[in-house]
Amino acid sequence: MDSLTCTASDLVPLLSSSANATALASFLCARFSTISSQLSDATHAVDNTYLLFSAYLVFAMQLGFAMLCAGSVRAKNTMNIMLTNVLDAAAGALSYYLFGFAFAFGAPSNGFIGRHFFGLKEYPSPDGDYSFFLYQWAFAIAAAGITSGSIAERTQFVAYLIYSSFLTGFVYPVVSHWFWSGDGWASPIRPNNLLFDSGAIDFAGSGVVHMVGGIAGLWGALIEGPRIGRFDRAGRSVALRGHSASLVVLGTFLLWLGWYGFNPGSFLTIMKGYGGGGGYYGQWSAIGRTAVTTTLAGCTAALTTLFSKRLLVGHWNVIDVCNGLLGGFAAITSGCSVVEPWAAIICGFVAAWVLIGFNMLAAEFKYDDPLEAAQLHGGCGAWGLLFTGLFATKAYVNEVYPGLSGRPYGMFMGGGGKLLGAQIIQILVITGWVTATMGPLFYVLKKMNLLRISREDETAGMDLTRHGGFAYVYHDEEDISMRPAFVMTKIEPNNASPSTDGQRSPSNV
C-alpha cells in the first residue's frame, strides 16, 4: 500500500492561490497521516486476528490427537493416553515459554540457535506479537503429540513428562530456528543463506514438525521394544486393535479441520497484495490455494489407501483410510503454498504408498508403533520435502519468498536440482539432530528404569494400575496380551443315550 503521508512543503505549490496555503497544506497532511495510521492499525488488527484464529485451529488439533490416540489403543489404556495428550499441551506451554520460543525465534542471533526472548522478555517486538508466540507454541506441542502415539500403552508417565518438556523446549525449537527463523542457516527468508544461497522450503513443517515428532517416536519405540503380544513366539505380527473406530474417525476429522490453520495459517498475515496491489489477487488468494492443495493431497491419499489396502488384504478398512488421509496431509505440508493443485494429487498418491511401504517394513523388522506415527509423520514428511524440491513452481516460490532474484524452484518444473538438494540436506540434518538428542534421552530413561512400565502393569492396563480405574466398562475379548500362552479347553461328555422306543430322549431335545 502506497504511503498516505505528506509534508506541507509538498502541497504549498499546489495551493499557491490561497491566502492561507501553508495552513491548509498542514491541515490536509495531518488528515492524510491520520488516515494512514488508521489503515496501518486496521492491517495489523486483521493480520493478528487471522493468526490468532489459525492458532486456535492448530491447538484444536490436540483434541484430534487425543481422540485418534484414544481410539487407536486398547480400552484398558484410554485414560493414560488421554492424560499424555493433556500433558503435551501443559508441559509444552511452560517449556516453550521459558526456553523454546527464545531458542527458535530469539533474534538477533546466530544461524544455529536463538538468544533472546526467554520467558517472553522484551516481547512483543516490531517483528512479532503475542499471537505469533501462541501460534508457534501450538506447532511445538503438535510435534510432541506425534511422539506420544509411537510409545503408547507401555511408557511410564514420568517419561512422558521428561521427553515432552525436552522436545518442546529444546529439540524442536532448534530445528524451527534453522528453517523458519530469519537468522537460521537454512532458512529461505535469510539474506545470504548458507544453504545454496536459497535455503530449504518447508512452508508449514513436513520436516520441522512431522519429521521431528516422527523420528523422536521412532527412537522411543525402538528403545522401548514392542508391546506384549504384538508379535507371537514365532515372530509373526499380531494385530492389537484399537478399541474404537468411532474415536479414530472423529479424531481424523478434527485433525483435518485443524490442518486449515496449520497450512494456510503459516502465511502469518493475510492483508498483503501481490503485483503492486489493487487487484483481486493477493496473499488471500495464495491462502485459498494452500487450503485447496492441502485438501486434494489428503483426499487423494485416503482414496489411494482405500483401494490399495482392498487389493492387498481383501477388505475396506476405515482405520487405514484415516491414516492414509493424515499421511497425505503430512506430506503436502512442506510445499502446500508453492505447488499447483494438480501436483498435490501426485503428492497424496505417493504418500499413501510411502505409508503402506513403511508399515510393511515395520512389521518385517518387528517395530511396534500403535498409531503408525513414525511411518506416517516421519516417512510421509520426508516424502513431502522431496516432493517440494520436485514440483515447486517459480511464480509461487517468488510470491511466498520474495526478495531473491534467481531463487531455485522445483526440478520437474524447470528449476534445476538446487532446491531438491536443499530438501535432501534438510531430511538428513533433521534425522541426525533428532537421533543425536532424543535417542540418548530415551536410552538414559531406559537405563534408569523410567521408560517402560512393568510386565504386570502392561498386561492389566495402565488405567487400572496407574490411574485409579478404567475409563469405562469394557470387555477386551480380543486382547492377545491377556491370554495365557497355552489354553486348555474342558470337553464335556455327551450324556445322550439311545431311546428304546426310537424317540429322542429329553437330553437330546
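Here the Cβ of each residue, glycine as well, is placed from N, Cα and C on the backbone.
Annotation comment: TrEMBL describes 49-73, 94-113, 133-151, 158-180, 200-223, 244-262, 342-362, 374-397, 420-445 as transmembrane segment. What TrEMBL records for 50-472 is domain 'Ammonium transporter AmtB-like'.
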Please report, as numbers and ranges, the same-chain residues at least 6 past the borders of the transmembrane segment (49-73) whose CB is under 8 Å from any CB of it.
81-82, 84-86, 88-89, 131-132, 134-135, 138-139, 141-142, 145-146, 148-149, 152-153, 242-262, 264-266, 268-270, 319, 322, 370-371
Counting Cβ pairs closer than 8 Å, which of 158-180, 244-262, 342-362 has the most of them with the transmembrane segment (374-397)?
342-362
Averaging the per-residue pLDDT over the domain 'Ammonium transporter AmtB-like' (50-472), what integer do you get?
94
Annotated stretches the transmembrane segment (420-445) and the transmembrane segment (158-180) touching (3 or more Cβ pairs under 8 Å):
yes
Sort out the residues at least 6 away from either end of the transmembrane segment (200-223), same chain, that have Cβ-Cβ distances under 8 Å to it, and list them.
139, 142-151, 155, 163, 167, 171-172, 175-176, 179-180, 186, 188, 262-263, 266, 330-338, 367-369, 373-382, 384-385, 388-389, 392, 397, 400-401, 419, 422-423, 425-427, 430-431, 434-435, 438-439, 442-443, 446, 451
